[in-house]
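**Student:** Just passing along the structure, written as C-alpha coordinates.
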Amino acid sequence: MKGLYIKTYGCQMNVYDSVLMENVIKPLGFNVVSDAGKADLVILNTCHIREKAAEKLYSELGKIHSLRKEMTIVVAGCVAQAEGEEVFRRAPFVDIVVGPQSIATLPELIVKASRSKGHVINTDFPEVAKFDKLPDECYGNSQGSSAFLAIQEGCDKFCTFCVVPYTRGAEYSRPVNEIFREALKLVANGANEINLLGQNVNAYHGECEGEVWDLGKLISHIAKIEKLERIRYTTSHPRDMHESLYLAHAEEPKLMPFVHLPVQSGSNKILHAMNRKHTAEEYLEIIDRFRKLKPEIEFSSDFIVGFPGETEKDFEETMKLVEKVRYAQAYSFKYSPRPGTPGAERKDQVPEEVKTERLLRLQKLISKQQLEFNQSMVGKTIPVLFSDKKGKHQNQIIGKSPYMQSVCIDDSEDKYRDKIVNVKVLEARQSSLLGCAFH
(Lines of atoms letter the chains of each structure in order from A and count residues from 1; the text may use other names and numbers.)
(Lines give C-alpha, C1' and ligand atoms only; values in the text may rest on other atoms or scores of the structure.)
Protein backbone atom coordinates (compact mmCIF):
# COMPACT_ATOMS: atom_id res chain seq x y z
CA MET A 1 0.00 0.00 0.00
CA LYS A 2 1.10 3.56 -0.72
CA GLY A 3 1.21 6.23 1.99
CA LEU A 4 -1.19 9.21 2.04
CA TYR A 5 -0.57 12.25 4.25
CA ILE A 6 -3.12 15.08 4.52
CA LYS A 7 -2.48 18.32 6.41
CA THR A 8 -5.56 20.46 7.01
CA TYR A 9 -5.62 24.20 7.65
CA GLY A 10 -8.50 26.46 8.63
CA CYS A 11 -12.19 25.83 9.10
CA GLN A 12 -14.26 22.78 9.97
CA MET A 13 -15.42 22.55 6.36
CA ASN A 14 -11.80 21.91 5.40
CA VAL A 15 -11.64 19.13 8.00
CA TYR A 16 -14.74 17.62 6.40
CA ASP A 17 -13.28 18.00 2.90
CA SER A 18 -10.06 16.29 3.99
CA VAL A 19 -12.05 13.24 5.06
CA LEU A 20 -13.81 13.23 1.68
CA MET A 21 -10.45 13.41 -0.11
CA GLU A 22 -9.08 10.57 1.99
CA ASN A 23 -12.09 8.41 1.17
CA VAL A 24 -12.05 9.15 -2.57
CA ILE A 25 -8.32 8.40 -2.83
CA LYS A 26 -8.11 5.20 -0.75
CA PRO A 27 -9.46 2.97 -3.57
CA LEU A 28 -6.30 3.85 -5.53
CA GLY A 29 -4.33 1.80 -2.99
CA PHE A 30 -3.44 4.41 -0.37
CA ASN A 31 -3.35 4.16 3.42
CA VAL A 32 -3.16 7.21 5.68
CA VAL A 33 0.22 7.78 7.38
CA SER A 34 1.03 10.26 10.16
CA ASP A 35 4.50 11.17 8.87
CA ALA A 36 4.79 13.20 5.66
CA GLY A 37 8.28 11.82 5.15
CA LYS A 38 6.84 8.32 4.67
CA ALA A 39 4.11 9.39 2.24
CA ASP A 40 3.91 8.77 -1.48
CA LEU A 41 1.13 11.36 -1.78
CA VAL A 42 0.94 14.56 0.30
CA ILE A 43 -2.11 16.85 0.26
CA LEU A 44 -2.08 20.31 1.84
CA ASN A 45 -5.72 21.38 2.26
CA THR A 46 -5.38 25.13 2.60
CA CYS A 47 -7.29 28.12 4.01
CA HIS A 48 -7.24 31.63 2.52
CA ILE A 49 -9.00 33.62 5.26
CA ARG A 50 -6.02 34.94 7.19
CA GLU A 51 -3.24 37.21 5.97
CA LYS A 52 -0.15 35.65 4.41
CA ALA A 53 -1.90 32.28 3.94
CA ALA A 54 -0.18 31.86 0.58
CA GLU A 55 3.27 32.70 1.98
CA LYS A 56 2.81 30.16 4.76
CA LEU A 57 1.80 27.58 2.16
CA TYR A 58 4.95 28.07 0.09
CA SER A 59 7.11 27.84 3.19
CA GLU A 60 5.42 24.57 4.16
CA LEU A 61 5.72 23.23 0.61
CA GLY A 62 9.48 23.74 0.70
CA LYS A 63 9.74 21.73 3.91
CA ILE A 64 7.56 18.93 2.52
CA HIS A 65 9.53 18.74 -0.73
CA SER A 66 12.81 18.40 1.15
CA LEU A 67 11.57 15.25 2.93
CA ARG A 68 11.25 13.01 -0.10
CA LYS A 69 11.79 14.02 -3.71
CA GLU A 70 9.73 11.25 -5.32
CA MET A 71 6.43 12.02 -3.58
CA THR A 72 3.39 13.48 -5.36
CA ILE A 73 2.37 16.84 -3.85
CA VAL A 74 -1.18 18.21 -4.05
CA VAL A 75 -2.28 21.72 -3.06
CA ALA A 76 -6.01 21.72 -2.32
CA GLY A 77 -8.49 24.09 -0.69
CA CYS A 78 -9.07 27.81 -0.89
CA VAL A 79 -5.48 28.94 -1.55
CA ALA A 80 -5.40 26.49 -4.46
CA GLN A 81 -8.61 28.06 -5.80
CA ALA A 82 -7.33 31.62 -5.36
CA GLU A 83 -3.75 31.09 -6.59
CA GLY A 84 -4.32 28.55 -9.38
CA GLU A 85 -1.39 28.33 -11.82
CA GLU A 86 0.61 30.69 -9.60
CA VAL A 87 1.25 27.70 -7.29
CA PHE A 88 3.23 25.97 -10.04
CA ARG A 89 5.21 29.13 -10.76
CA ARG A 90 6.14 29.60 -7.10
CA ALA A 91 6.61 25.88 -6.36
CA PRO A 92 7.38 23.98 -9.60
CA PHE A 93 7.69 20.68 -7.71
CA VAL A 94 3.96 20.70 -6.89
CA ASP A 95 2.18 18.15 -9.09
CA ILE A 96 -1.54 18.91 -8.63
CA VAL A 97 -3.63 21.97 -7.76
CA VAL A 98 -7.30 21.29 -7.00
CA GLY A 99 -10.03 23.63 -5.74
CA PRO A 100 -12.66 22.79 -3.10
CA GLN A 101 -15.37 22.14 -5.68
CA SER A 102 -13.26 19.72 -7.73
CA ILE A 103 -12.09 17.18 -5.14
CA ALA A 104 -14.21 14.45 -6.76
CA THR A 105 -11.76 14.58 -9.68
CA LEU A 106 -8.72 13.83 -7.49
CA PRO A 107 -8.38 10.15 -8.54
CA GLU A 108 -8.19 11.05 -12.23
CA LEU A 109 -5.88 14.00 -11.49
CA ILE A 110 -3.51 11.70 -9.58
CA VAL A 111 -3.46 9.15 -12.40
CA LYS A 112 -2.95 11.90 -14.98
CA ALA A 113 -0.08 13.44 -13.00
CA SER A 114 1.66 10.07 -12.61
CA ARG A 115 1.47 9.41 -16.35
CA SER A 116 2.37 12.85 -17.65
CA LYS A 117 4.94 13.84 -15.01
CA GLY A 118 3.65 17.38 -15.57
CA HIS A 119 1.46 19.89 -13.76
CA VAL A 120 -2.25 19.08 -13.41
CA ILE A 121 -4.89 21.59 -12.27
CA ASN A 122 -8.65 21.69 -11.71
CA THR A 123 -10.10 24.82 -10.10
CA ASP A 124 -13.42 24.73 -11.94
CA PHE A 125 -16.81 25.51 -10.44
CA PRO A 126 -18.73 22.58 -11.97
CA GLU A 127 -22.46 22.82 -12.61
CA VAL A 128 -22.90 19.55 -10.73
CA ALA A 129 -22.11 20.15 -7.04
CA LYS A 130 -19.18 18.21 -5.60
CA PHE A 131 -21.53 16.41 -3.18
CA ASP A 132 -23.35 14.88 -6.16
CA LYS A 133 -20.16 13.78 -7.91
CA LEU A 134 -18.64 11.84 -5.00
CA PRO A 135 -19.75 8.22 -4.44
CA ASP A 136 -21.89 7.41 -1.39
CA GLU A 137 -18.99 5.40 0.08
CA CYS A 138 -17.12 8.67 0.70
CA TYR A 139 -19.68 9.92 3.22
CA GLY A 140 -20.34 9.10 6.86
CA ASN A 141 -17.10 7.22 7.54
CA SER A 142 -15.82 9.42 10.37
CA GLN A 143 -15.13 7.65 13.64
CA GLY A 144 -15.52 9.12 17.12
CA SER A 145 -18.10 10.65 19.40
CA SER A 146 -18.43 13.96 17.50
CA ALA A 147 -18.74 14.18 13.71
CA PHE A 148 -18.99 16.89 11.05
CA LEU A 149 -21.68 16.83 8.36
CA ALA A 150 -21.67 19.44 5.58
CA ILE A 151 -25.20 20.47 4.62
CA GLN A 152 -24.49 23.73 2.79
CA GLU A 153 -21.54 25.25 1.01
CA GLY A 154 -20.63 28.52 -0.64
CA CYS A 155 -21.68 32.10 -0.01
CA ASP A 156 -23.77 34.71 -1.84
CA LYS A 157 -23.20 37.50 0.71
CA PHE A 158 -20.02 39.08 -0.73
CA CYS A 159 -18.84 40.80 2.44
CA THR A 160 -16.16 43.22 1.31
CA PHE A 161 -13.45 41.66 3.50
CA CYS A 162 -14.01 38.04 2.51
CA VAL A 163 -12.73 35.68 -0.20
CA VAL A 164 -15.16 32.81 0.45
CA PRO A 165 -17.60 33.62 -2.42
CA TYR A 166 -14.63 33.54 -4.79
CA THR A 167 -13.06 30.33 -3.44
CA ARG A 168 -16.15 28.30 -2.48
CA GLY A 169 -18.64 29.55 -5.05
CA ALA A 170 -22.37 30.21 -4.81
CA GLU A 171 -24.55 28.90 -1.99
CA TYR A 172 -25.63 25.29 -2.45
CA SER A 173 -27.77 23.16 -0.13
CA ARG A 174 -27.69 19.37 -0.14
CA PRO A 175 -30.99 17.46 -0.37
CA VAL A 176 -32.56 16.44 2.94
CA ASN A 177 -32.56 12.70 2.26
CA GLU A 178 -28.86 12.72 1.37
CA ILE A 179 -28.02 14.50 4.63
CA PHE A 180 -30.23 12.18 6.68
CA ARG A 181 -28.57 9.07 5.21
CA GLU A 182 -25.15 10.43 6.12
CA ALA A 183 -26.33 11.30 9.64
CA LEU A 184 -27.64 7.75 10.13
CA LYS A 185 -24.30 6.35 8.99
CA LEU A 186 -22.34 8.64 11.32
CA VAL A 187 -24.46 7.61 14.31
CA ALA A 188 -24.06 3.94 13.38
CA ASN A 189 -20.28 4.56 13.39
CA GLY A 190 -20.45 5.86 16.97
CA ALA A 191 -21.23 9.58 16.74
CA ASN A 192 -23.11 10.93 19.76
CA GLU A 193 -22.98 14.43 18.33
CA ILE A 194 -23.32 15.83 14.81
CA ASN A 195 -22.06 19.27 13.83
CA LEU A 196 -23.95 20.59 10.79
CA LEU A 197 -21.60 22.66 8.64
CA GLY A 198 -21.97 25.44 6.10
CA GLN A 199 -20.33 28.73 5.19
CA ASN A 200 -23.81 30.17 5.83
CA VAL A 201 -25.42 27.19 7.48
CA ASN A 202 -28.68 28.94 8.38
CA ALA A 203 -29.15 29.85 4.71
CA TYR A 204 -29.82 26.14 4.18
CA HIS A 205 -32.72 25.54 1.77
CA GLY A 206 -32.58 21.85 0.84
CA GLU A 207 -35.05 19.94 -1.28
CA CYS A 208 -37.25 17.18 0.15
CA GLU A 209 -39.93 15.54 -1.99
CA GLY A 210 -40.79 18.72 -3.84
CA GLU A 211 -40.61 20.98 -0.78
CA VAL A 212 -37.85 23.30 0.40
CA TRP A 213 -36.73 22.81 4.00
CA ASP A 214 -34.92 25.36 6.14
CA LEU A 215 -32.35 24.62 8.84
CA GLY A 216 -34.84 24.52 11.71
CA LYS A 217 -36.95 21.87 9.98
CA LEU A 218 -33.84 19.86 9.05
CA ILE A 219 -32.63 19.88 12.67
CA SER A 220 -36.01 18.65 13.92
CA HIS A 221 -35.84 15.81 11.38
CA ILE A 222 -32.28 14.77 12.25
CA ALA A 223 -33.18 14.86 15.96
CA LYS A 224 -35.45 11.87 15.33
CA ILE A 225 -32.38 9.62 15.03
CA GLU A 226 -32.70 7.65 18.24
CA LYS A 227 -29.06 7.23 19.31
CA LEU A 228 -28.06 10.76 18.35
CA GLU A 229 -27.73 12.84 21.53
CA ARG A 230 -26.43 16.24 20.41
CA ILE A 231 -26.80 18.54 17.41
CA ARG A 232 -24.80 21.70 16.65
CA TYR A 233 -24.49 23.95 13.61
CA THR A 234 -21.98 26.51 12.36
CA THR A 235 -21.47 29.14 10.94
CA SER A 236 -24.56 31.36 10.94
CA HIS A 237 -25.20 34.76 9.37
CA PRO A 238 -27.54 37.28 11.06
CA ARG A 239 -29.35 37.92 7.75
CA ASP A 240 -30.47 34.28 7.50
CA MET A 241 -32.03 33.82 10.94
CA HIS A 242 -35.58 32.47 10.73
CA GLU A 243 -38.50 31.53 12.96
CA SER A 244 -38.20 27.75 12.71
CA LEU A 245 -34.59 27.94 13.92
CA TYR A 246 -35.62 29.99 16.94
CA LEU A 247 -38.32 27.42 17.68
CA ALA A 248 -35.92 24.50 17.22
CA HIS A 249 -33.75 25.96 20.00
CA ALA A 250 -36.81 26.41 22.21
CA GLU A 251 -38.30 22.97 21.61
CA GLU A 252 -35.56 20.48 20.65
CA PRO A 253 -33.50 19.25 23.64
CA LYS A 254 -30.87 17.63 21.40
CA LEU A 255 -29.97 21.02 19.89
CA MET A 256 -27.20 22.53 22.01
CA PRO A 257 -27.93 25.93 23.65
CA PHE A 258 -24.98 27.59 21.98
CA VAL A 259 -24.89 29.67 18.78
CA HIS A 260 -21.86 30.96 16.90
CA LEU A 261 -23.19 34.15 15.31
CA PRO A 262 -20.49 36.40 13.82
CA VAL A 263 -21.19 40.13 13.85
CA GLN A 264 -17.70 41.46 12.90
CA SER A 265 -18.34 45.03 14.17
CA GLY A 266 -20.68 46.98 16.42
CA SER A 267 -20.59 50.08 14.22
CA ASN A 268 -23.39 50.47 11.67
CA LYS A 269 -21.08 52.53 9.48
CA ILE A 270 -18.53 49.72 9.37
CA LEU A 271 -21.20 47.02 8.96
CA HIS A 272 -22.45 48.93 5.92
CA ALA A 273 -18.92 49.24 4.55
CA MET A 274 -18.48 45.49 5.06
CA ASN A 275 -21.71 44.85 3.09
CA ARG A 276 -23.13 42.84 5.99
CA LYS A 277 -26.67 44.08 5.21
CA HIS A 278 -27.75 44.19 8.86
CA THR A 279 -27.34 46.70 11.68
CA ALA A 280 -25.99 46.29 15.20
CA GLU A 281 -29.54 46.84 16.48
CA GLU A 282 -30.89 44.02 14.31
CA TYR A 283 -28.14 41.73 15.57
CA LEU A 284 -29.03 42.52 19.19
CA GLU A 285 -32.70 41.82 18.43
CA ILE A 286 -31.70 38.32 17.29
CA ILE A 287 -29.79 37.76 20.54
CA ASP A 288 -32.78 38.97 22.59
CA ARG A 289 -35.20 36.74 20.67
CA PHE A 290 -33.08 33.67 21.35
CA ARG A 291 -32.75 34.50 25.04
CA LYS A 292 -36.48 35.01 25.50
CA LEU A 293 -37.17 31.59 23.99
CA LYS A 294 -34.20 29.81 25.61
CA PRO A 295 -32.90 31.68 28.68
CA GLU A 296 -29.87 29.37 29.10
CA ILE A 297 -28.60 29.94 25.55
CA GLU A 298 -25.11 31.42 25.08
CA PHE A 299 -23.24 32.93 22.14
CA SER A 300 -19.87 33.20 20.48
CA SER A 301 -18.91 35.55 17.66
CA ASP A 302 -16.22 36.78 15.27
CA PHE A 303 -14.85 40.32 15.20
CA ILE A 304 -12.64 42.16 12.73
CA VAL A 305 -10.74 45.11 14.17
CA GLY A 306 -9.35 47.90 12.00
CA PHE A 307 -11.48 47.52 8.88
CA PRO A 308 -10.74 50.43 6.47
CA GLY A 309 -12.33 53.63 7.71
CA GLU A 310 -12.80 52.41 11.29
CA THR A 311 -12.48 55.31 13.74
CA GLU A 312 -12.08 55.20 17.50
CA LYS A 313 -15.82 55.92 17.75
CA ASP A 314 -16.59 52.94 15.51
CA PHE A 315 -14.38 50.70 17.62
CA GLU A 316 -16.08 51.90 20.81
CA GLU A 317 -19.40 50.83 19.28
CA THR A 318 -17.96 47.33 18.95
CA MET A 319 -16.88 47.36 22.60
CA LYS A 320 -20.39 48.47 23.63
CA LEU A 321 -21.98 45.63 21.66
CA VAL A 322 -19.68 43.10 23.34
CA GLU A 323 -20.65 44.53 26.74
CA LYS A 324 -24.36 44.19 25.89
CA VAL A 325 -24.20 40.61 24.59
CA ARG A 326 -21.69 39.18 27.09
CA TYR A 327 -20.25 36.34 25.03
CA ALA A 328 -19.29 32.94 26.38
CA GLN A 329 -16.36 33.13 23.96
CA ALA A 330 -15.42 35.06 20.83
CA TYR A 331 -12.74 35.22 18.17
CA SER A 332 -11.14 38.49 17.12
CA PHE A 333 -8.66 39.39 14.40
CA LYS A 334 -6.97 42.38 12.85
CA TYR A 335 -8.27 43.20 9.40
CA SER A 336 -5.97 41.88 6.70
CA PRO A 337 -6.61 42.90 3.07
CA ARG A 338 -7.45 39.90 0.89
CA PRO A 339 -6.43 40.37 -2.76
CA GLY A 340 -9.41 40.72 -5.06
CA THR A 341 -11.85 41.90 -2.38
CA PRO A 342 -13.33 45.45 -2.31
CA GLY A 343 -11.91 46.10 1.15
CA ALA A 344 -8.37 45.65 -0.13
CA GLU A 345 -8.87 48.44 -2.68
CA ARG A 346 -9.84 51.09 -0.13
CA LYS A 347 -7.44 53.95 0.50
CA ASP A 348 -8.43 54.54 4.14
CA GLN A 349 -6.57 51.55 5.61
CA VAL A 350 -6.10 51.71 9.39
CA PRO A 351 -2.46 51.85 10.57
CA GLU A 352 -1.14 48.52 11.82
CA GLU A 353 -0.24 49.88 15.27
CA VAL A 354 -3.80 51.19 15.73
CA LYS A 355 -5.25 47.80 14.76
CA THR A 356 -2.94 46.07 17.23
CA GLU A 357 -3.87 48.40 20.09
CA ARG A 358 -7.60 48.01 19.46
CA LEU A 359 -7.34 44.24 19.13
CA LEU A 360 -5.63 43.99 22.52
CA ARG A 361 -8.39 46.06 24.14
CA LEU A 362 -11.11 43.94 22.58
CA GLN A 363 -9.42 40.66 23.48
CA LYS A 364 -9.01 41.82 27.07
CA LEU A 365 -12.77 42.39 27.31
CA ILE A 366 -13.61 39.10 25.57
CA SER A 367 -11.24 37.18 27.86
CA LYS A 368 -12.80 38.81 30.92
CA GLN A 369 -16.29 37.74 29.82
CA GLN A 370 -15.13 34.21 28.98
CA LEU A 371 -13.53 33.76 32.40
CA GLU A 372 -16.62 35.12 34.16
CA PHE A 373 -18.82 32.72 32.20
CA ASN A 374 -16.56 29.80 33.04
CA GLN A 375 -16.57 30.82 36.72
CA SER A 376 -20.37 30.82 36.69
CA MET A 377 -20.25 27.06 36.05
CA VAL A 378 -18.38 26.24 39.27
CA GLY A 379 -20.54 24.10 41.54
CA LYS A 380 -22.90 23.13 38.72
CA THR A 381 -23.30 19.66 37.26
CA ILE A 382 -23.22 19.68 33.46
CA PRO A 383 -23.37 16.99 30.74
CA VAL A 384 -20.00 16.60 29.00
CA LEU A 385 -19.29 14.63 25.83
CA PHE A 386 -15.88 12.97 25.99
CA SER A 387 -13.79 11.76 23.08
CA ASP A 388 -10.39 10.06 23.15
CA LYS A 389 -8.63 13.41 23.64
CA LYS A 390 -6.15 13.30 26.50
CA GLY A 391 -5.35 16.09 28.95
CA LYS A 392 -1.95 17.36 30.10
CA HIS A 393 -1.89 15.13 33.16
CA GLN A 394 -1.82 11.36 33.46
CA ASN A 395 -5.27 9.72 33.20
CA GLN A 396 -6.86 13.08 32.33
CA ILE A 397 -9.46 13.16 29.55
CA ILE A 398 -11.00 16.20 27.84
CA GLY A 399 -14.60 16.64 26.74
CA LYS A 400 -16.93 19.42 25.60
CA SER A 401 -19.74 21.04 27.57
CA PRO A 402 -22.96 22.11 25.82
CA TYR A 403 -21.28 25.54 25.49
CA MET A 404 -18.12 24.18 23.79
CA GLN A 405 -16.00 24.61 26.91
CA SER A 406 -13.15 22.15 27.34
CA VAL A 407 -13.80 20.09 30.48
CA CYS A 408 -11.07 17.98 32.10
CA ILE A 409 -11.66 15.06 34.48
CA ASP A 410 -9.72 12.04 35.73
CA ASP A 411 -10.45 8.85 33.81
CA SER A 412 -7.96 6.42 35.33
CA GLU A 413 -10.33 3.50 34.68
CA ASP A 414 -10.95 4.51 31.03
CA LYS A 415 -14.73 4.53 31.54
CA TYR A 416 -15.83 7.79 29.94
CA ARG A 417 -14.39 7.85 26.42
CA ASP A 418 -17.04 8.51 23.72
CA LYS A 419 -19.74 8.97 26.37
CA ILE A 420 -21.81 11.83 27.78
CA VAL A 421 -21.07 12.07 31.49
CA ASN A 422 -22.51 14.34 34.17
CA VAL A 423 -19.58 16.34 35.55
CA LYS A 424 -19.53 18.50 38.66
CA VAL A 425 -17.43 21.59 37.91
CA LEU A 426 -14.86 22.23 40.64
CA GLU A 427 -12.62 24.88 39.08
CA ALA A 428 -12.76 27.38 36.22
CA ARG A 429 -9.84 28.56 34.15
CA GLN A 430 -9.61 31.01 31.26
CA SER A 431 -10.33 28.44 28.56
CA SER A 432 -11.26 25.26 30.41
CA LEU A 433 -13.10 23.72 33.35
CA LEU A 434 -11.91 21.10 35.83
CA GLY A 435 -14.34 18.69 37.42
CA CYS A 436 -15.18 15.17 38.48
CA ALA A 437 -17.67 12.62 37.21
CA PHE A 438 -20.90 12.92 39.19
CA HIS A 439 -22.95 9.79 39.78
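Every residue, even glycine, has its Cβ placed from backbone N, Cα and C.
The following feature annotations were taken from Swiss-Prot:
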- CYS11, CYS47, CYS78: [4Fe-4S] cluster 1 binding site (BINDING)
- CYS155, CYS159, CYS162: [4Fe-4S] cluster 2 binding site (BINDING)
- 2-115: domain 'MTTase N-terminal' (DOMAIN)
- 141-372: domain 'Radical SAM core' (DOMAIN)
- 375-439: domain 'TRAM' (DOMAIN)
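Structural setting of the listed features?
**Tutor:** Its own atom aside, the Cβ of CYS47 ([4Fe-4S] cluster 1 binding site) has 19 Cβ atoms within 10 angstroms in the protein chains shown.
In the three-state DSSP assignment, the secondary structure recorded for CYS159 ([4Fe-4S] cluster 2 binding site) is coil. Remark: CYS159 ([4Fe-4S] cluster 2 binding site) has GLN264, MET274, ASN275, ARG276 as non-local neighbours, by Cβ distance under 8 Å and separation of at least 6 in sequence.
Summarising model confidence by region, the domain 'MTTase N-terminal' (2-115) averages a pLDDT of 90.
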**Student:** In the domain 'TRAM' (375-439), how many residues does DSSP assign to helix, to strand and to coil?
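**Tutor:** Going through the domain 'TRAM' (375-439) residue by residue, I get 1 helix, 35 strand, 29 coil.
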**Student:** So around the [4Fe-4S] cluster 2 site, CYS155, CYS159, CYS162 aside, which residues have their CB within 8 A of the centroid of those CB atoms?
**Tutor:** LYS157, PHE158, PHE161, VAL163, VAL164, PRO165, GLN199
**Student:** CYS47 ([4Fe-4S] cluster 1 binding site) to CYS162 ([4Fe-4S] cluster 2 binding site): how many Å between their Cα atoms?
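**Tutor:** CYS47 ([4Fe-4S] cluster 1 binding site) to CYS162 ([4Fe-4S] cluster 2 binding site), Cα-Cα distance: 12 Å.
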**Student:** Please report the Cα separation of CYS162 ([4Fe-4S] cluster 2 binding site) and CYS78 ([4Fe-4S] cluster 1 binding site) in Å, rounded to an integer.
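**Tutor:** About 12 Å separate the Cα atoms of these two residues.
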**Student:** Which residues, in sequence order, are found in the same chain with Cβ within 8 Å of the centroid defined by the Cβ atoms of CYS11, CYS47, CYS78 at the [4Fe-4S] cluster 1 site, excluding those residues themselves?
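**Tutor:** Sorted by sequence, the hits are TYR9, GLY10, MET13, ASN14, THR46, HIS48, ILE49, GLY77, THR167.
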**Student:** Between the binding-site residues CYS11, CYS78, CYS155, CYS162, where is the Cβ count within 10 Å the lowest?
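**Tutor:** Lowest Cβ count within 10 Å among the binding-site residues (CYS11, CYS78, CYS155, CYS162) is CYS11.
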**Student:** Given CYS11 ([4Fe-4S] cluster 1 binding site) and CYS155 ([4Fe-4S] cluster 2 binding site), what distance in Å do their CA atoms have, once rounded to a whole number?
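**Tutor:** Computed Cα spacing between CYS11 ([4Fe-4S] cluster 1 binding site) and CYS155 ([4Fe-4S] cluster 2 binding site) is 15 Å.
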